[in-house]
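S.K.: Got a structure here, written out as structure tokens. Questions coming.
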Amino acid sequence: MPPGTTTSDLASFAQHLTSARRILALVGAGLSASSGLPTFRGAGGLWNGYDATQVATLDAFQSDPALVWQFYASRRAAALKAVPNKGHVALAELATRLGPDKFLALTQNVDGLSARANHPAQSLLNLHGDLFSVKCTSFMCNFSQDNNFDNPISPGLSHCVVSNEIKQIPIEDLPHCPRCKTGLLRPGVVWFGETLPLRAVQTADEFVESGEVDLILVIGTSGTVWPAAGYIDRVSNLGGRVAVFNTEIPEGYSPETCWTFEGDAAQTLPKALEPLIGTLPKK
């Protein structure tokens, strides 16, 4: 039994889960923590002494692209070494069984672990982009590329594969556009202060506004900031129920109004979803 739950919790959740017409999942960094990836939140939220929220901005990239690229090159290397955990696999299995008409996952993660767990692309929206996408920063060039798994992405960033050492790197040694040859590439992620991808937002809105979302799974995220809070509120206001899976249950989620599964989502989620996905094979 998942820690922080009771038999009655699981029983009532299972009943609602199996009868739900449509299910929305909101996925945060806590799901990938069991795969060894840092959340950059709370204790240990710094990268080499830098606040990640200060490095992951357009202003930071424009003022010190070498620093920002070293941050993302190290994250790319860590994500490539990581293995999807049972929480990723459970969600992927749920998506496969229900199909895109009945299930949609909105992930705030950029690590690609959900996709590597064979989560169907039609049922997965990357709200914050992808570490393995790049695009040219030149105003006159529209080059973009998905599924760039080069590690390192450029020779000047080779040290990031094996260490977190920060070096002074000439701008010419950073990733550059293969099309225009002059523009600097940037990670295809959504930085703080940038807008979310319009197509992803529209798809999520259409799914929620169908009026048939009976359940939202809040996994590895506090769900207290936009857009997470907005989707949770909208589902609730339309009559849907909320289930929270996190190591710590944030304030505002009461067992009287929603299901709260406290603990490692890699353990609690597969157990809670068993009525629909069965027992995952042991590895």
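Along the chain as shown, the residues are counted starting at 1.
In case you wondered, yes, glycine gets a Cβ from its N, Cα and C as well.
Worth saying up front: this structure is predicted, and the values here are computed from it rather than measured.
So TrEMBL lists the following for this protein:
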- 3-280: domain 'Deacetylase sirtuin-type' (DOMAIN)
- H128: active site, proton acceptor (ACT_SITE)
- C136, C141, C177, C180: Zn(2+) binding site (BINDING)
S.K.: Write down the Cα-Cα distance for C141 (Zn(2+) binding site) and the residue listed as 'active site, proton acceptor', rounded and given in Å.
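M.R.: About 22 Å separate the Cα atoms of these two residues.
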S.K.: Tell me the coarse DSSP state (helix, strand, coil) of H128 (active site, proton acceptor).
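M.R.: Note: H128 (active site, proton acceptor) is coil by DSSP, not helix or strand.
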S.K.: Quick one: give me the count of other CB atoms within 10 A of the CB of C136 (Zn(2+) binding site).
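M.R.: 22, counting other Cβ atoms within 10 Å of C136 (Zn(2+) binding site).
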S.K.: Within its own chain, what residues at least 6 apart in sequence put their Cβ under 8 Å from the Cβ of C141 (Zn(2+) binding site), listed in sequence order?
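M.R.: Looking at Cβ-Cβ distances below 8 Å from C141 (Zn(2+) binding site), excluding near sequence neighbours, one finds C177, R179, C180, G183.
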S.K.: Suppose the Zn(2+) site is C136, C141, C177, C180. Which further residues of the same chain have a Cβ inside 8 angstroms of that site's Cβ centroid?
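M.R.: Other same-chain residues near the Zn(2+) site: T137, S138, M140, N142, F143, H176, P178, R179, K181, T182, G183, L185.
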S.K.: Using a 10 Å cut-off, grab the number of neighbouring Cβ atoms around the Cβ of C180 (Zn(2+) binding site), all chains included.
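M.R.: I get 13 for this one.
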S.K.: Near the Cβ of the residue listed as 'active site, proton acceptor', how many other Cβ atoms are there if near means within 10 Å?
M.R.: 19
